[in-house]
Amino acid sequence: MASKLEQCVLDLFKIGVVKFGDFTLKSGMKSPIYFDLRMIISFPKLMETVGELMWEARPRNDYDLICGVAYTGLPIATVISTKQDLPMLIRRKEAKGYGTKKLVEGNYAEGQSCLMIEDVIVSGSSVFDTAETLKDLELDVKDAVVFLDREQGGAANLKSMGINVKSVINMTEMMAILLKFNSITQKVSDSVIDFVKKNIASSLKKKVESDGIMDRLKCTFESRESTTVQPVSRKLFNIMSAKQSNLCVAADVTKSAELLSLAEKVGPYICLLKTHIDILSDFSTEVVEELKNIAVKHNFLIFEDRKFGDIGNTVATQYSGGPFNIVDWADLVTVHGLPGDGVIKGLGSCASGQPRGCIIVSQMSSSGTLTSDEYIKGCCKMAEENAHFVIGFVAQSNISKDPRFIVFTPGVQSGCTSDVLGQQYVTPRAAVLERGADVVIVGRGITKSDDPCSAAKHYKEEAFKAYQERITS
Ligand SMILES: O=c1ccn([C@@H]2O[C@H](COP(=O)(O)O)[C@@H](O)[C@H]2O)c(=O)[nH]1
């Protein structure tokens, strides 16, 4: 006797929702299996069962609202809404160009909790986009329920952004049911499970490739935002497009008042402010609170160049403790690849739902740097495998084509090629056009100039012009 879930899977199989063969997914990836849950709208009773199972799998009991993720999430959400007598919202994929121009339809009030309803989860980007829209309306959005988790990294991606996903079934479990009831052969099941194992967390990158946007250097910052679900990367791409700035100022000053004054002056021109917080002789928690306010006011992110380089347990303590409590105020931090990915996992374990990320220092600007090609390759692999937390690289060359990852290049100054302690400089134009920098990091070229405000404006314009030339050439 089949359980309710088993019967539902068998019925879905019978109506052709589960297809085996040689498919090319929207992502461009070859897949031995395809799920077409849209078909359930022609089978109302089965759609009702899918809705019931999803409702039973929901992460919590108490929601004020539900919201279907377009498109197949919409009919399922409707079924749940009528059955549970729970108000529903619809999120459009694009705002209407007429009438109310709203992106979300339905009644809601600030602070209400909303459960997102999705049919199949791959990378999690559709759920993420829906959550972002709902959060903009001041709704409390922390949970999603999906029918099928394809086990390709979506749930982990969303978890790293504070969204809890529960699924009715995953790919492996679905194969087990179909095998148990002799609907498929062991060979088919094995090939599907093998596919799942090999394709975990690769879906976002593949999505980009299928869209024909292959090379980071040729993509706009705007288009790159949709290639990732990493919350800090998305925010940074958004700021860079909105402010037309790919300038990060290295605020290497030693007094809190200097830091705040510099942040105010350069704020309008930068996407990021980089700190070395441990060089402040008068550090206090007030200074970071004030810095955060300035960052909000001028719409830039804060990047503490801590260069964590120890075992996971130690860096976790350094990140979330000590006098600086960096996790509390820095959107981004740097790590060395040397310890292996425990360093990333250690930091990631402290982020607890806050949007945080790290950048791997893969090459350095200083003369005599020891970073070999092998080391750089290792850093790239580490980024690929930890893309939920790694947003890119500190580098001096085009080490990655992947549009998800942002390349930050320090050692940038016009009219100066080095300092007396081994720093080596290139111009902003050379950094972007010859070395593949997305973001140029300028320190003393701005901080030591007579007029940091005008200098920042100048570097911003130079670097952004070079980026515009790069994407159009
Ligand atoms: O390879 C690296 C990594 C980090 N940095 C940091 O960037 C700034 C550069 O300051 P300038 O005054 O523009 O030289 C500084 O904070 C370094 O710690 C780097 O230079 N090179």
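From the backbone N, Cα and C atoms, a Cβ is placed for every residue, glycine too.
A TrEMBL annotation is a machine prediction, not a hand-curated record.
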- prompt: Among Ser320, Ser365, Ser372, Ser473, which is the one TrEMBL gives for the substrate site where Asp252, Lys274, Gln423, Gly443, Arg444 also bind?
  reply: Ser365
- prompt: Counting only residues 6+ apart in the same chain, whose Cβ is under 8 Å from the Cβ of Asp252 (substrate binding site)?
  reply: His276, Ile279, Gly443, Arg444, Thr447
- prompt: Listed substrate-binding residues Asp252, Lys274, Ser365, Gln423, Gly443, Arg444 - what's their greatest C-alpha to C-alpha distance in Å?
  reply: 17
Among Asp305, Asp310, the one of these active-site residues whose Cβ has the fewest neighbouring Cβ atoms within 10 Å: Asp310
- request: Enumerate the residues of the same chain, Asp252, Lys274, Ser365, Gln423, Gly443, Arg444 excluded, that satisfy the criterion Cβ within 8 A of the mean position of the Cβ atoms of the recorded substrate site; list them in sequence order.
  value: Ala250, Pro410, Gly411, Ile441, Val442
- prompt: To what whole number does the mean pLDDT across the domain 'Orotidine 5'-phosphate decarboxylase' (246-459) round?
  reply: 97
Field: Neighbour-count leader, CB within 10 A, binding-site residues: Lys274, Arg444
entry: Lys274
- prompt: To the nearest whole angstrom, what is the C-alpha distance linking Gln423 (substrate binding site) and Asp305 (active site, for OMPdecase activity)?
  reply: 16
